[in-house]
Structures are given as C-alpha cells and as structure tokens.
C-alpha cells in the first residue's frame, strides 16, 4: 500500500510486521485447521493474502509489530485474484499478546466496514492513536460467495517511553530545583500514563504551604482531591473532589493530565473519554503549591500525617512529566528524585485472562468441581454457575438476584428448593467480585469478596458434589437426555459480564486452552478480553439526571431535575411567563427555564398575568429601610440577593421586551446625588459591576433623578428633591428601565453621618414583561425563499422546537447538511410531520400522523423534535409522541458543516409556505424577524393569532389581534383579567348600593367610557339575560332590582326561608308574577350562581347550588308581554321590595350582568367614566371566587411568601411558604351544579299600545322568538326612544 499522510504523529509510515511463528504468543498451540502461516503472513502488494482454511467466526489475524508503536491508521484489501474479502471486522490491540482491548470509534462503534471487492483499498484513520505492540483483526462478515480473505497494512510511528513499576509499597519523590520561583510559569502541566490490575492506589500527592493535591485511583475511578488547610478555609469548601474515568483497573494504559491555567484546572483522563473543567475558587498556583516536592505512587514519601493513610499504587507508570521534566529519567540518573521501596524501570505484568459473556447464547462448559471465580457486571441478575449433583439428586444454581449472590439446590425433576441462601449486596457495580464455594460433609458455604459479613452457610442432608459438567454464565440449548438438566431450561437470566480466575478441582483453568478447544466447550464467548463498558462514564444524562446501566444500555433517572426524555435533555417547564399565559394559566408561581434544554437551571418565579404579563423576581430586602445619623458610620452598604442567580437574571432580562425596577429615597437633611456639580453621596451597582450615579426616572450618566429630567424638582437649582437638603421630608423615586444595568445588586448611601440626617430607601423587585423569543416569527411567501443561519451544533443531543401555521399541503421547515450527515424537519402531507436525520448509520425517520386533523388549517401548531444517543422523538401538538430507538452499535455524533436553512432547503426539496414562530435549537432562539428584514421573499412577523388563541378569551371576552400576540377585550363581560376569567366581586354591607342609569343616546355620545350601556331607556325589550353570583347568610334580602319609568320591574330576592324568588311585574294592572325555586336554603354563606333568561313570554331561572346534589328541572311559562304603562308616581314602590331595600344587603355580589352591561364592574373599575352612583363604602374583593384560597387580586404583586398560584404545568401551590396547613389539611371541594328552573305560570294578557312622545310608530323587524341568535341587547341606532323614560338598576 501507498503510505498515507501524517496522522497524529510526525511521519506515519507503513509498519514492519513480523511473520515468525514465535511471534504469536498465546496462539502457538492452535489446531492445524487454523493454518498458522496465513495467520501471521501479510502481503503488502502483489499476489496472496491471508485466507484461513475455515471461514467462521473463530478466525483472526494477529500482527506483532516488534515493540510498542503509535498506530494511527489501518488499511484492508481482499485476497489477490480471488472473490475472498472481509466486509466487516473488529480491531483489537494488546501490549503482550494477551488481555486484548477492543478499539471503538466514537466510544460506541465496535465494527469497521471492510471491503466490497478483492481489489479496492479501504483505509481507516483512527480517531485517537493506539499505542500497542500487537494488533488483532477479527472478521465478522465476508463475501457470502467466497471466503475470508485479507491483505492488511498498519500505519504509525515509533514510540519511546520511560516506565517505572511500583509494587504497592514503593514510591518516587521528586524535589524541585532550589530556586523554583525563577521558573514559575503561567501554565503548569502534570501528565502520566498508568496501567494496573488493582482498583485502588495513590498516583500523585503533593503539598503546599496551605494546600494539598492528591490523585488516586479508587474502585477503578480517578479522584482528584483539592484540599485547603482548615485553618485557612474552614467548612466543606475546604475539600473539593472531582471524579473521572471508570474501569481503569483493566491492565491497559490510561493517560492523565492536570493542567493549570487562568485560575482553572483542566483535568483530563484519556483524550477520547472526557475533559472536566474545574473552577478553582482558591486561585491555585501550582508553582507555589508544588514548592517543595511531589510524590508518585504513594503518600508516605512526603512523611506527612496531614492526610489520611491511603493504599499505594500497584502497577506501572509511564512518562511522568512535570511540565517538560521527565521524572523517571531523573530517577534513573538519581537526580532530584529519591526512591522508597522496590521501584523497577520495566513493566513486568501478571497474566490475567478474562472471558466475556456477551449474549443470550453465551456459556462456558468445564469438567470438574468449581471452587472459585471472579466476575464483574452491570446487571442485577444472571446465572453464574450451575451443575447437576451426583446420582441425579438434583441441581445447584448459583446466580445473581437483585445484585446479590444467591445459591439454590433444586430437587431432581422439579423446582422444589432444598437449599436457598444469599450473600453480598450491590454486586452490579462493575467491580471485580470473588465467589468461593465450599462443600464438605454436609456443610455448604459461599463467600463473596472474602468478607465474613458476606458469607452464607447451609447444611443440606445430602452431599453437594458436582456431576460431569459445570456450566458458567448459561447452558447448552440441548444436553444429554440422561442428565437432569435435559428437561430443565435456565430459569434465571443469562449472565452478561466478565469472569476470570476460575478454579476447578483446586486448579486455575487455563482459558487459553479453552479458546484452543483443548478442554471444555463454549459458545459466543470473547476469551482473553473483558468487554465491559461503562456507559455512564462519561454520563450522557444531562441536567443532573442519574445514570444507571445494564450490560447493553443505560437509563437516565430524571426525577426532580425539571427535565425529561431519554437523556434528561428537554425541560418540562416553559421559557417565560408569556408562554404560560398562552396556555390559559393565571397569575401564580411557575418554574421558568429561560434557555429550555440549555445549561441554565429552572427557577420558581411569580408571573403576574395582567394585560401585560409581568415576571416578578424578588430579592431579600424589598421593604423600606430607615437610616439615621450614627457616629463613626460614613456609609451604609446594602446587598440584594435575588431568587434567581446571575446567569438566570441576565437571560431573563435579555429575553424580555421591557424590564424595570423601582427605587425610592426618602430624605431629611440627606443629600442623594449632590447635584448639580458635587460628587454623588449615593450610588448603586448593577449587572456591569460599575457604579451608577443616576436615580429612578433618569437616564444613565445623567447624575439626575426623575424630577431633574422632568424639570419639576422642589428646588430648580438641583436635579433631585433630596439634594435641596431641607429639614422637611422629601422623596426621589422612579423606575430604572435600562436593561443593561439591571438588576440593582447593591446600594451605597453616603450622607447619613451629619447631625439631623435621616433617610430611608427601598429597592423594589425586578419586573419584566414581554418575551421577544415567544413571538419571534417570519412569513415565507415563496417556496424558493428561506433564511440561513450558522451551522447547527448538536453532536450528541439536538432538540428543535417551533410553531407553524400554513395552508400549504407540504414543505420543509428546516434542514442542515453535512458531508454525509443531515437533519431535517418537514411537513410531508397535511396530516404528517417527519423528522429525519443521518449520523452515519443511514437515514433515520420519525413520523407523527394526525389522522383526520389537518395541519394546514392556518392555525398555530407546535412541533418538537429531539435526537440523542438513545433515541429520536417527535411530538406535534397534543398527539402521541413518536419514538425510534437508536441502534445499539452505531455512530452517535451528528456532524454538520453547511448553513442551517429555515423555511427552505439546500437539497432542492419543496420549501415552506406560511409562518414559523419561536424557533429554538437546543434552547437557543433564532432571530427570524431580524434575518427576515434583509431576506427577499420573507417578511418579519406573522399576524393572525386569534384563530389559535381566541378560545382563551372567556365569558364573552373578544379576541383582539396584535402584532405580537393578542389580547382579550372584556368590555362586554362582567369579568376582568387577561382572559376575562377573573370574577369582579364586592362585599356589601347595609347601606351600600350601586345605581346604574341607562343614559340617553345624546348623553352617550358625550360619554367616552367604553363601559357605557348599549341598552337605552326607550327600549321595548322582548327579553333579557340577567346573571350574577352571591354569597350571604341574610334572609330575607334584596339582591337585585331593575325598574323602568313605568310600573314594570324585575326583582331578585331571598325570602325569609332562604328560597330564591324572582319577581316580574310587566303590567301595572296586574299583580307581580313570583317565581320561586325549589332549592333549599340559599342563605347559607356558600357561593351560588343565578341566571335569569326571558325571551318574550318564556322565563327560565337557573341556580347553580354549590354543595347539594339534586335533579335538574326545566319548566317554561308564557308570561305577559312587556309593555310600558303610566309613569310610577313619586314614592310608589312595591311594599315588600321597599321593606327589603330599607334593610340593606349584607354579603357578596359578583359578576353581575344585565344583557351587555356589567354595572358592578363599572362601579368598581370605571367609576369615573360610567353612569353609576355608589352609596356607601364599596371595594373590590375576592369573595366571588369559587374557592377563596387566594386572598389577593391577580393583578397585584406580592412577596413570594404571600403568593398563591400555579406552578410549572398548572399545579396549584397553596400557601407554598406561608401555610403548611393549607397544603396538608385542606379540603378539595367538588362543586356539583344543580340547575333548577322556576315553575311556569301560563297567563293570558291583553295587548295595549304604549304611549309615546314620538310622532312615528316604532318600526323594525320582529325576530323569531325561538331563534338562538335572538339579540338581548339593542343597537345604539334604535328608533324606539322615550326621552322621559329612564330605567334604573339597584344592587
């Protein structure tokens, strides 16, 4: 083969490969069928190649490079002039020819793709070089019409190293030069390689004047300990531990580097594994810490007792480097290095041959009696050993159950258990564990890890002696029919893991002979290697998810993290209060995750859902703080700790459209900014850590207060009220609104030392509204139009979320391409969204079909796609989530290199027509609007939100379109709030009433109130809708009264028995009609809802009773047509109503509505612009809430301890901080509605034309009485006007 270009070393060249018979250590006793010559021979060019006599899965080609070499690439070719080639293979390496390790690409792919013919050359550049003497290639697949055939070339560079071996009681001590300060640098590096069979031992230990650093191997993991002397830094921060790596006791070389730079430590274990950055809060300087000496292999070389005793390292170290100093070379020369114990400069390794049980068909069969074995696994269950007892007495089963060793003896011919004991615990931790099995004279013992606490005993009444065969890890599918196992299948899980040090008949089993088929039998085993992989190191679980694993996969426990998915990648919370609001949520506490799947943690924050959605972040001191002059105190310094950390705060402020923070300063003889020309006495510091010398209401750099900017300070010579330095109290207050400086982190108050000086200050919470990301949208009006952005980087985890609306049948939402990899999300049809990608394993698709629901309905639809190392998922709106598992053995890195296309494609597929909004990739929002401003065929923004969100407007609220979003107009509703869902209520006392007068048209024209009536005094109403809620314990009581200038009226009252009476008088010549409900006493202090509907002669009364469950009854009645009669004389009023009116009403009235008029709402919220008269004291309350749990109005912001509301996805927090009893002892009331209609009364009536002052007859088309669209309010241009007639409404 032709040499390749340099790969990771100075000059990668084809390497010499020895073909002597003796080079094949561990394979020199194979049967002749293995054809030893071809096993070793390599033909770089020309005829020939390796071709074993038999083509099966037991063949391999092993190459001896003569010495340890840096291998950077391999190349394969089929056998010359034949149809023999290998199409896939495994690559393994070893230093000694034993204890092999498999090379994996991307830490996940074990198989290499080979040749597709006999002539072409396929070369693989190794992602990380391999340092080894021996290579082994194992064919997995080959040409089905030929045989295994191969020519092989390896590329690399010579490798030189210095090695030292430590026996577990020895160490090296390196002493620095006498004048180390002269050689101190801004960057220091300690690096080494190690290999060992022991899972614990100290590698490095060094001590400074106040610090120690220790690097130790503990249970196969590297721990870096950073310690401070407790006298310098008491508390838990005096000790920091960082853990990296796993399964490092595998007798293979591992590289470690500790690098100091810029106040950080960079701790690396194996370049292809993991890099951990540790912020050293102590400003560690290695040059100072390592002033004296550094110890390798143990602690005792220091002779210090400042650290606890640790086990010394037992194994080999290579290339010990302190910056550019070779410590092992100095030790050989006996310069600056002292040696304790037995340290040799060669690496003599003990031989340990493991065997891997990887699959369901794996087993090892051996003759004899088993006494000992060691195993390691991640599985909690699996068969370790089984055998038949002599004389067919039964069978013994030794297996893992719930991560404990369990031994059972079953009676022959069934599952009757004669012996059952357990020992050990937590044995699925990936560590090596030993089992000793002893059976002597009716006594059976199992011991785990040679510990007395992990020993179990049994005393069977029969001898426990094995028969002819031992089965490890599994069993034969079919065995001898005479054996007791013949009819017994393995009742336990198969074992997946590694075993070693198997002892049978008091002798260690030579597993190499088993591999050569000289003893025993086996199936689907990997002998002379342990293939265990730690899939949790590094962990693919994000955001603090806890990783657990089995042999073949891992699982992430996302409990209490705030994230979900296979790798805890996706946040379960919304990114802003705006997002919660548009799910229909009301004011409350919510978890906000400002960057979604990004690194910033979620935070519990109060959302104040008013017309604007305010996000309120409290701090530790929002109360007014008073200051007085004190001797010796020149300044007062106040720090503010917020409920969110600095990173969360800045993300929230950046995302918001507007932020503000109120600051207030009360003063008497205390200067604030010392304007106009003096140095300020008071200043504050915000996010930029720079002093700010302006106050609320002013602009940065002005050294003014709000009054100075507006020109209305109490002294025109100064720019702040307090700078007038008067003896009277003055105030400077205002809002800080420049987001770059927010929030206020601390305040310095200076002028408080003078006699008579007094001051008080207050810094309010940080409040922000608007979400620039939530409404960020672009409209694509051409199939060829698109937006492009930088390459999307989502190598291991990628999530894409957005909203879209369209009328097109298909189109590509976004696409990003690589050389071979790609990622794409598209609308493939009106009812299907497809998420597709390729990470090197071939195209992969996840589809969501919506059935009969079309997605091109010009409404907003949400799409969320996620791809990680375990699976890919796609969700559309609320449809079931579609998921596809990733291949267990395949590429995991998504490698893209082109621009990201949004709304179009680089692959000439059909582009998207419509709107895309809030596009987020891995938690970061792309600014579609900004890019759309400069892109032809794309417009920023996308109106038309009411079609999707209009249903959020409740209780007759009307959806109003806005550029960014929508709002609910509650003008025709008795409710208020952002979605017209908040009850407008008031507590009434005797003497309190509200009178609402329906104005004349000419008066309405002069009234600017949007709450004014659209029902006029002259209307001949054929019907009305009246509704309200009430809560009272008073009976009798007048709840509502409506009257006209004539004798007609409607009264709603509670009689003396608490029953609801509805009293209609529609003719002055007849008595009033009374409708009485059959509902039990309503004067019970509970909340009830009343609705009265009259249409022509039909009246229905509906009562929603809060507690009692009764039937539902409807009865209709023909009543007298409403006609107007002679005016009521002054003082003429129904005696019963007059009596009740004089008593007054005590209770709660809520959401009162008469047709389209809400008189109570007008009186409470718009008293100055509505035709209302309020008698007595009237204030809004929450008494009309069905559950009076929240005593505060939704529009009022309170401290966190006072807030009640919704958290996360809508779960209610009741007195989250203030009252535990509400959470524990509260009663969940299920309100069951009882609807009762008034008894119908049929009455005949005489029609009598009403007198009028108009010269024309009333005209108009009479609507159908039964029409559901019949209007219960009249338009302002109605001609049925009686100027003298006024209708009054009393509450």
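The count begins at 1 with the first shown residue.
For all residues, glycine too, the Cβ spot is worked out from N, Cα and C.
Cross-referencing 1196-1221, 1222-1247 with TrEMBL places the feature transmembrane segment at 1222-1247. Counted over residue pairs 6 or more apart, the CB atoms of the domain 'Fibrinogen C-terminal' (568-619) and the domain 'EGF-like' (943-981) come under 8 Å in at least three pairs, which marks the two as touching. The DSSP breakdown of the domain 'Fibrinogen C-terminal' (568-619), given as helix, strand and coil counts, is 5 helix, 21 strand, 26 coil. Counting residues of the domain 'EGF-like' (943-981) by DSSP class, helix then strand then coil, yields 7 helix, 12 strand, 20 coil. When the domain 'F5/8 type C' (50-157) is classified with DSSP, helix, strand and coil residues number 0 helix, 62 strand, 46 coil.
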